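Working notes for the structure below.
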Amino acid sequence: MATPSRTSWADVADADPAPAPAPAANGPARPDRSSYVPPHLRNRGASSGGGAAAPPPSSSSSSAPPPRAAPGLLAPRPAAAGMGRMGGGGGGGGFGGPRRWDREPNPFGNDGDAAAGAGDEPEVFDAHQNTGINFDAYEDIPVETSGREVPPPVGTFAEIDLGQALNDNIRRCKYVRPTPVQRYAIPISLAGRDLMACAQTGSGKTAAFCFPIISGIMRGPPAQRPQRGGMRTACPLALILSPTRELSMQIHEEARKFSYQTGVRVVVAYGGAPINQQLRDLERGVDILVATPGRLVDLLERARVSLQSIRYLALDEADRMLDMGFEPQVRRIVEQMDMPPPGARQTMLFSATFPKEIQRMASDFLENYIFLAVGRVGSSTDLIVQRVEFVQEADKRSHLMDLLHAQRDSATPGKPTLTLVFVETKRGADSLEHWLCMNGFPATSIHGDRNQQEREYALRSFKSGHTPILVATDVAARGLDIPHVAHVVNFDLPNDIDDYVHRIGRTGRAGKSGLATAFFNENNSSMARSLAELMQESNQEVPAWLSRYAARPSYGGGGGRNRRSGGGSRFGGRDFRRDSSSGRGGGDYYGGGSSGGAGGYGGSSAYGGGGYGGGAGAPSAWD
């Protein structure tokens, strides 16, 4: 049995807290376009010549109320003072009349800040950790794009015309410069192209699809949303689908930061929570709907949401959306409801893994798309140190205790080290949480049987450091951004190498370092080869005993559905169209693509077939 290291975590854990953002010196600038009307100002009952009585003018303006709009059309914007071009209440005013968008309520409900005046930054921007991103770790990342006429990448946000209001929010979020996936994905999306992007967890994918969507809605023509008699049916312009409620809430939180004082209204809908409040939020108007598939199908069947006005469709963690039972729901939403077809809408798919079979399914939703693969940050800088230790089932708890004691002994006094422990079952999560607490290690747990309030409380308690150990099933493995996780422990290894990749991606985020420890025994034999290959591709030390397991013929075929066969990566870092087009002129089709060090990332044009290893050149495995 391998002896656990009592100090290894300290060599790689990033203990620096995220610096608190300083308040902005200037108030928000006004957007520079006037075509957009926020949802709560549309189709108002005010009229200068109709039968409806006009509401009283806003206290901040003496202008006349807007004329009544024809059915199905948008009302002209009222000329309220201070509203800003493209303003109009920030989506928070319901149907009660115009509001100054510089008085938009804090999205996080800070009642003490009634108005975000000049120099006042809302609480929503507090504790943002982007200034802690280690951009030096991104400098040598290989990037590949394939498809026709790929737009060139950008180096700074100043090169991208996103609009003044959105640029102000980028500064409020302390975004210094784009991450690699943002450098490539944002110009592609702003050019109106469909996109399939494969990029590391924690690399800024949410902003990569939110920025173009918000900018496009602000700049786009007024939407002619349908009227459905007396029923209030929400007709969003953009739909963002995600597989879990936690991830949906996280995307919603980030999107509200980015859309602050732009007039773009963001609403979230997910299962496991009362639907009535979500219906009320939708009735107030929605531009961007963030939803899980199950709850969205429910809303569509109730005719409370229509997708016929959708201009933008984004799938986050798209590989999971098209796998593990989600595909029928996603296909029903995208293909069998009233959503515009590919070509009439813009579609963006993002994930950390894109196996070939998932790419084939996803291509049904796309038209003339660009494939983007961004190499793993830790492939050359070893930001995530992976350790695999042989531990029998009966010894796992005592072995975990040894690791936690070593971690506690080496920790900085007063600064808890966040540790995420993954187990396979819900019962196992509850049992291990109780055992840890009984042995002096404050812990909490999150899994599918917890109600929404319990899950939110557990995440808050963990993020704050009040309970620095979180025991979780895979419900927390996908997409969640939990800053400052120093150590991920795979107490129970998953059966699929993709799930392992997503689990360890909870640490080493934003270019920071982290440690991932896995407990391996005979029950995990089918994972041996895939695990050894992943560690080799990531420049990790592979234990000799694991190499022997991997070499055994009886264990060679495991590791889940995405085991490598031939060239390319099991994680889908290579456009499957390249392989299917080989031998029949595929090179001409992809003449617009680029690879390797394009745009200053990655110093070579050969790095293993798209930055994921398995081809010619230096291997580079990335999730």
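Heads up, the Cβ atoms here are built off N, Cα and C, so glycines get one too.
The ATP binding site annotation in Swiss-Prot covers A199, Q200, T201, G202, S203, G204, K205, T206. Under the heading compositional bias 'Low complexity', Swiss-Prot lists 10-29, 70-83. What Swiss-Prot lists as compositional bias 'Pro residues' is 54-69. According to Swiss-Prot, the feature compositional bias 'Gly residues' maps to 84-97, 555-571, 583-595. Swiss-Prot lists 572-581 with the feature compositional bias 'Basic and acidic residues'. Residues annotated as domain 'Helicase ATP-binding' in Swiss-Prot: 186-372. Swiss-Prot lists 399-550 with the feature domain 'Helicase C-terminal', giving sequence analysis as the kind of evidence. Here Swiss-Prot flags 1-120, 553-595 as region 'Disordered'. The motif 'Q motif' annotation in Swiss-Prot covers 155-183. The feature motif 'DEAD box' is assigned by Swiss-Prot to 316-319.
For the motif 'DEAD box' (316-319), the number of residues in each DSSP class (helix H, G, I; strand E, B; coil) is 2 helix, 1 strand, 1 coil. Cβ contacts within 10 Å of G202 (ATP binding site), excluding its own Cβ and spanning all protein chains shown: 26. Summarising model confidence by region, the motif 'DEAD box' (316-319) averages a pLDDT of 86. When Cβ atoms from all protein chains are considered, those within 10 Å of G204 (ATP binding site) total 25, not counting its own.
Summarised by DSSP class, the composition of the motif 'Q motif' (155-183) is 16 helix, 0 strand, 13 coil. Counting every protein chain shown, the number of other Cβ atoms lying within 10 Å of the Cβ of Q200 (ATP binding site) is 28.
A simple way to gauge crowding: the CB of K205 (ATP binding site) has 28 other CB atoms within 10 angstroms, across all the protein chains here.
Most Cβ neighbours within 10 Å among the binding-site residues S203, T206: this distinction goes to S203.
According to DSSP, T206 (ATP binding site) sits within a helical segment.
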